[in-house]
Amino acid sequence: MSMSYRALKFRRHAPTSTQHHPKEDMNFHQQPPGLPGPALGQTMSPPPWQMGESNPDFLPNNFNQLNLDPQQPEADGGQQRSKGSENNLYRKYEEKVRPCIDLIDSLRALGVEQDLALPAIAVIGDQSSGKSSVLEALSGVALPRGSGIITRCPLVLKLTKRECEWTGKITYRNVTQQLHNPSEVEREIRRAQNIIAGNGVGISHELINLEVTSPEVPDLTLIDLPGITRVAVENQPQDIGLQIKALIKTYIQRQETINLVVVPCNVDIATTEALSMAQEVDPDGDRTIGILTKPDLVDKGTEKGVLKVMQNLTYHLKKGYMIVKCRGQQDITNKLSLAEATRKEVMFFQTHPYFRVLLDEGKATVPLLAERLTTELIWHINKSLPLLENQIKEKHQRATEELQQYGDDIPSNEGDKMFFLIEKIKLFNEDIEKLIEGEEIVIETESRLCNRIREEFTRWVLILTTNIEKVKSILNEEVSKYETKYRGKELLGFVNYKTFETVVKHYLGQLIDPALKMLQKAMEIIWQTFKDTAKKHFAEFCNLHQTVQNKIEDIKTKQMAEAANLIQLQFRMEKLVFCQDQIYGVVLNKVREEIFNSVGKASENPQSKHPFLNNQSSVSSIVEIGVHLNAYFTETSKRLANQIPFIIQYFMLQENGDKVQKAMMQLLQETQHYSWLLQEQSDTATKRKFLKEKIFRLTQAQQALYEFPHFKSI
């Protein structure tokens, strides 16, 4: 028989007040358990089935965790039927409710909470709010008490209702301690906090897990957080208040968390820090439940103020409030048992002239609080499962992709290291080869290496075209200057070959710098791409990565010098002014036809400013030399438009890539350096281990969700 069952069964035999209350006995079959109807003026936000909807799939229609009927059976047969009904409901409860809580507890045990938020109930309160007393009443075990900060680490309190002997287990870091008696709990929690947070008054974000299995506890999992303090005392850090608030906020700000805010009845609720923090992260109170404690300490005449709070008229929370009376310090001194304290609690509310109505409404006593919290948690879990599945799937995929970037673990055997290095170099060389052939895979916003180089070659063609147009635009001036300087005994109108040759050499010489700049630009593009490829494959191996970068740099420098020399050689050869007769003749005739047609039309127009007509005395000479210059530059530009890119592609891409691949293969001959080359960065192995552990627990979580019997029906 559960503690809550015995407590409320006791109520049926407790003495009643002399005042008349016709509906003092409760019939819990009138509505689902722990889901009290709102008092006058109170608006609550219970799970959906409380608002006129049918019970959810995970609760039977006649389900009641406490299963209380105020009418006593009149005969043994009635008792047997009642007991059979109770066992049947309990079996349905075990089938429908327990798996939900076990699922989330198993995910939490796997460490999934490191990766995403799980549905939970977080308990917060100011110091001396009665938070520990509430948790003690729910769990049936004594928790650390005293002045100052008592809860110094988040405590996950997992309560499991089972018909067996009391058992407990505390887990933290690599420690798992079995507990055989409730009296051991307080001592072991203090020991765990000292190990984690140190002896003293410091706090830690590290979790302590306490599991309690007993027939006297509800099925519930809570997270107890440190009490909120405003002023540092004794040896506490001056910012201890900020530290505690930051810790609490990490839990209560999660949308998956139900915030259980514990507030004493004998304080102004508007001044409580805990409720203020809850409102900050949950302004509408959608996931906040208020718990009022210490109703026996309320000053006479202020009871109505407490009732207004309970009726949601003072500080509105959609989920409303519950009120409990737990053991006080005198009760603890007198060693009052928790079971007896529960009976006294029921008696207190039954006989209280103001608060008895709260008992009638199902908003008072620890057993009803336990029932309410269990129902809220189950509903919250079922609501969160589809989103939880998607989050686990997404994080598993991202972790898997990230792990691929770190590669496999480094083998310890020297022979295995060679094969490991061979595989690494093979993959790198394959990517270099794809770059050379223009077959690498790129994302939509990027462009292949060959295409980026081709863009530079396109600019080179524009430079050559601009050079031809420049020659045309200043032809009259240039030819006149060279005619004056180099003309010999030939008559007016005869072409001076020296003039033609000088103009050609001068303007071809102006193309050397643009060609070398194009080489430099193409080299930078190729060099950066090779470096990025090396980083992709070897970034986690600091020595190997640096070695490869050095080889890429050395080879690039040599190839750059060879390509530059060949480009300069090309322009030195261009000074020979040569073109095959059959090729030049065709181009010359075509250009002559175009130019003379243009000049003929211009001569018919007296106002024409054609450059060839500005000096009539030398028109024939200028026109003729212009024809030859135009023809020669047209053909030379075609030659240079291809030849310079050929040189760059061969030396800086093809041969450069081949030499890099060969240099990588030569690394395999340095067997004595394998260990040095494969030395990872300090945090790489740690990251790989972390990601593997993350993937493992997320895989386990996916499996747990898949095996959850109710998941497909949610």
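All positions are counted from 1 along the displayed chain.
Any Cβ shown, glycine's included, is placed from N, Cα and C.
Taken straight from Swiss-Prot:
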type	residues	note
BINDING	125-132, 224-228, 293-296	GTP binding site
COMPBIAS	61-70	compositional bias 'Polar residues'
COMPBIAS	79-88	compositional bias 'Polar residues'
DOMAIN	115-386	domain 'Dynamin-type G'
DOMAIN	622-713	domain 'GED'
REGION	1-89	region 'Disordered'
REGION	125-132	region 'G1 motif'
REGION	224-227	region 'G3 motif'
REGION	293-296	region 'G4 motif'
REGION	325-328	region 'G5 motif'
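Tertiary neighbourhood of the region 'G3 motif' (224-227): same-chain residues 122-129, 131-132, 135, 143, 149-155, 157, 203, 244, 247-248, 251, selected by CB-CB distance under 8 Å and a gap of 6+ residues from either end. Residue counts for the region 'G4 motif' (293-296) under DSSP, split into helix (H, G, I), strand (E, B) and coil, are 2 helix, 1 strand, 1 coil.
Same-chain residues at least 6 positions away in sequence with a Cβ under 8 Å from that of SER128 (GTP binding site) are, in sequence order, GLY227, PRO264.
Helix first, then strand, then coil: DSSP counts for the region 'G1 motif' (125-132) stand at 2 helix, 2 strand, 4 coil. Mapped onto DSSP helix, strand and coil, the region 'G3 motif' (224-227) counts 0 helix, 1 strand, 3 coil. Here the binding-site residues are GLY125, PRO295, and the one ringed by the most other CB atoms within 10 angstroms is GLY125. Within 10 Å of the C-beta of ILE228 (GTP binding site) we count 21 further C-beta atoms, all protein chains included. Within the same chain, residues at least 6 positions away in sequence whose Cβ sits under 8 Å from that of LEU225 (GTP binding site) are ALA122, VAL123, ILE124, THR151, PRO154, LEU247, ILE248, TYR251. Look at ILE228 (GTP binding site): DSSP puts it in a strand. The average pLDDT computed for the region 'G5 motif' (325-328) is 86. Under a cutoff of 8 A between CB atoms, and with a sequence separation of 6+ in the same chain, the neighbours of LYS131 (GTP binding site) are VAL123, ILE124, GLY125, THR151, ASP224, GLY227, VAL262, THR293.
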